[in-house]
Amino acid sequence: MAEAHKYKKLTPIEHVLTRPEMYIGSLDTTATPMFIYDEQKGHMVWETVKLNHGLLKIVDEILLNASDNISNRSARMTYIRVTITDTGEITIENDGAGIPIVRSREHKLYIPEMVFGHLLTSSNYDDDNQNAVAGRHGYGAKLTNILSLSFSVCCRTNGREFHMSWQDHMRKATAPRVSNVGTKEKNVTRVKFLPDYERFGMKEKKISNDMKRVLYKRIMDLSAMFPNIQITLNGSSFGFKSFKDYATLYSAMTPKGEKPPPPYVYESKSGCVAFIPSVVPGVRRMFGVVNGVVTYNGGTHCNAAQDILTGCLDGVERELKKENKVMDTNRVLRHFTILVFLVQVQPKFDSQNKARLVSTPTMPRVPRQDVMKYLLRMPFLEAHVSTITGQLAQELNKEIGTGRRMSSKTLLTSITKLVDATSTRRDPKHTRTLIVTEGDSAKALAQNSLSSDQKRYTGVFPLRGKLLNVRNKNLKRLRNCKELQELFCALGLELDKDYTDADELRYQRILIMTDQDADGSHIKGLVINAFESLWPSLLVRNPGFISIFSTPIVKARLRDKSVVSFFSMKEFHKWQRSNANTPYTCKYYKGLGTSTTAEGKEYFKDMEKHTMRLLVDRSDHKLLDNVFDSQEVEWRKDWMTKANAFTGEVDIDRSKKMLTVTDFVHKEMVHFALVGNARALAHSVDGLKPSQRKIIWALMRRSGNEAAKVAQLSGYISEASAFHHGETSLQETMIKMAQSFTGGNNVNLLVPEGQFGSRQQLGNDHAAPRYIFTKLSKVARLLFPSEDDPLLDYIVEEGQQVEPNHYVPILPLLLCNGSVGIGFGFSSNIPPFHRLDVSAAVRAMISGERAKSVVRRLVPWAVGFQGEIRRGPEGEFIAVGTYTYCKGGRVHVTELPWTCSVEAFREHISYLATKDIVNRIADYSGANHVDIDVEVAQGAVNTYAECESELGLTQRIHINGTVFSPNGTLSPLESDLTPVLQWHYDRRLDLYKKRRQRNLTLLEQELAREKSTLKFVQHFGAGHIDFANATEATLEKVCSKLGLVRVDDSFDYILRKPITFYTKTSFENLLKKIAETERRIEALKKTTPVQLWLGELDQFDRFFQDHEKKMVEAILKERRQRSPPSDLLPGLQQPRLEVEEAKGGKKFEMRVQVRKYVPPPTKRGAGGRSDGDGGATAAGAAAAVGGRGEKKGPGRAGGVRRMVLDALAKRVTRLLPRLLF
């Protein structure tokens, strides 16, 4: 009970006075750089002034009350008058609608008395009201009253006048005086107050000169926001006729007297945006106002305005690229100051301070073309624009432009993989051709198949590795692409040369020879893109300079030993349909390496038969820009979304000898794009990518489920499922599917036996595939019941049935495990959710709740995570690690966001150590638990929010989903996962209906067979069948006569029984079996599809409840015990924030709950207000010996002295807590 006196309950007024920083910011005066108006220079300057945020805020609250009255259209407002006396008394008066002078029926108080003298009174609580005002929380003017020595108000509204005054920080008040005045008297609201300057640290008890300048600038900002209202300070107006007048004040001459260009200003009803250029580059600065509120910390509106400018600069950059120029956008941005003044409906700020806008702004529709034209006129732009035909192009020409003049010997030594044509003489009968192959195996096929005569005028060059996209003449990227450099060198090309024909090159044609798959299409596209980007005239003026060599993808061998070749799967399938009764065997040629040398000789025997000439038109430049330019993301998204659902087929007629760029892009490149997305993006129903689906399917059909090495299993899976993309990628996929640590998989479909990775590196620390074992986990068959298998739609590859198009698990696995993937133009980042919450979501759907309502209650989570999920300022989710802050600066970190590895955290701490924020780290973490001690430097963090931010203990969780819908089309979901839940629910319920009907049919067929068998046995037992003299024909006649059921058009299931089947024991067993089958049929008839689903969900839930319990126990067992409460600093501990109330769905509550957003606290002492805190004592000791705050002395001696004092301060800081406690 001795500690009871420490606990106090404060009144609201006492709380504001005791903790004012929670409401208005710091009361301390600090040196703050900001825009300020310089009366002598007549324009704005960026200057450091002594600013008191709290004093500015209480004045601002009354100013904003006045400006909010502008939106009240019941009476026109014409002026706001501000007066500041020498003693510091401030008066703010405005006309307009005024405050109603009536008593509240509910509270029996006059409305002005409530508005100015009772906390939490406001007229802005109606969120349906579309007024653009600054007030929101009901504190405003009351905070000014509480923090003032005197406060009085006079309201004159509609013929009545109200007077009332307060003293002693709103604790004492006079009685309200109400009188009648003439109805013609103008409405007025006048507030007069004297701030408690001493409380704001101003010993002279009056306003400082710097604060007068700050308030002058603040009132000037308000005048710019509302130029139609006469706003004056001490009787003087600012004279702004428009926002442009105000924006011009930010333009300043250089020290050399250079005049800056005029600002770009755009004004609209929703606000104004200005881009103010400066001749000399500086630091990027932005200044924003929302409904009169100056957002000193920026916010979403400032970011949006900068995005507009950046987007326009990007547009300028694209235009310059067409002129063979490049621009340094970041350097150009440093020339601009951005102003954004917005009028917003119901704006949301990060706190009562309103220093940062967090809601999505409605920006003025700035005409971007006008801004681009404006930017192109900037005189400083030229300094940041350069041609790419400068030094880099010259250096590259030295490497790739001298090939034409190189001797064969020089080429032999410089490009070792080039097999050059054996003759250098030109033959008019034959075009000198360079065959460009995909890899060495294709090179071998070409080289081994060419005849001796063909080798005289044909060279071969293999492309190894991935080519780079050099669109827009990106020579920096070209410099990093050795493959293209050597190709251009072999051809003898020179950069920036306009070729009229190809005769001056070493080869007059290149023939691209790649695999007939999506990767081959990509290589063709990159080669075409490189030549069209760097030498467009060469392709336009020389049709067929780039040609495509096609080889069969399928060969069908008929009974007469004739062979039919097919160059596309579409062509093959068409032939199959028209020759359905023709017997044949087929061979698939996915890669060029499949072809034999004999087949290769056959191809090259008639080379032109297999060659398609590429025709390029000047208009194709724009189309290739859309496909390969990094800026054209939206076009590519639209391109692929409009494409048909992925079928795995290329729709190009290979019989034609000409191929246009348009056909290539829309029929072959789109094939690569869709295949790439199919590999990278998950299916909405089963949450799997094709490689994962192949692994599951192959392991399910594997006999037995014994663990095997990952390296061995990859070979089996690759063969069984017709996987064509290398066993290494398959092994990596298997390892990821087996990872079960926090942040790995919430549901691991494979079992990890060995080192499959840990939280140390988020799985990247796994052992080699040849050392680790895996097998299918038990949960796989819980999610994918074997009874589903016959009802799924399977893919046919190379003539064999492989994995399903997609599985239909009992839960949407995409929500359980999440999915991350980067495709072609699309990406996906879906976080995982608690698997039992996903189960509860499905149950809620079954009970009739709408998917949208259910998804709103789902909160991201990783199994084993010991932290919490908070709501962010913009409604997003934030994963937060856990720590305890101990005396002496020791921070015991016990959890990290699951997307942060322990190693990444250690690297971050190492960086903080270089900044003197952290002194040391002790890591006790294991494979799946976090246990780290960090010693933080004294004074480095002052609030829990700073501690979380500095140590990197928070991580925003982004939801941006693009998935394949049930019908196979790309479906961008953005942040709404409702379709995933709905699609899965529809498909799974439909599958249960089909499964129930199928099982019922199978049971009825089984019962008919059993009853037929019983009837035959009874007939035999009665002596009606003489087996000794019967033939098969007579027995079949007996069965037919008895009306027995046939199976596969025979009675073998009865007639092939062993003699022991006719014993009494077998007869009794048969009767029992029939009774059991009848019972199962009746039970299944009474069971609905929903009941089947719920039964399987129950099994899943029981399995994972036990699994999670064991996992959490193991984590807690490994971790060290927490520090005792006596060692903790209360002021720096993480708060237990209030849980958001879930809307609807009370029947199915979620395990994971999100905590409400609370604005981060402002700075305060590390140890709170307690005098006994070790942190506070250490800070005082550090200050006593010099510490961080001491100014540097002059010269070398001062620097040495400071180093000694700093070292001494650190030692005292570490030792004092041990001595005192």
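Glycine is treated like the rest: Cβ placed from N, Cα and C.
As recorded in Swiss-Prot:
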type	residues	note
DOMAIN	432-546	domain 'Toprim'
REGION	952-961	region 'Interaction with DNA'
REGION	1158-1198	region 'Disordered'
SITE	Arg770	site 'Transition state stabilizer'
SITE	Ile822	site 'Important for DNA bending'
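Below 8 angstroms of C-beta separation, residues 819, 827-831, 860, 869, 872, 876-883, 893, 896-897, 899-900, 905, 908, 972-975, 977, 980 of the same chain, each at least six residues beyond the ends of the region 'Interaction with DNA' (952-961), sit close to that stretch.
Sorting each residue of the domain 'Toprim' (432-546) by its DSSP state yields 55 helix, 18 strand, 42 coil. Residue counts for the region 'Interaction with DNA' (952-961) by DSSP state, with H, G and I taken as helix and E and B as strand, are 0 helix, 6 strand, 4 coil.
Averaged across the domain 'Toprim' (432-546), the predicted model reaches a pLDDT of 86. For the recorded site, Arg770 (site 'Transition state stabilizer'), the DSSP three-state label reads coil.
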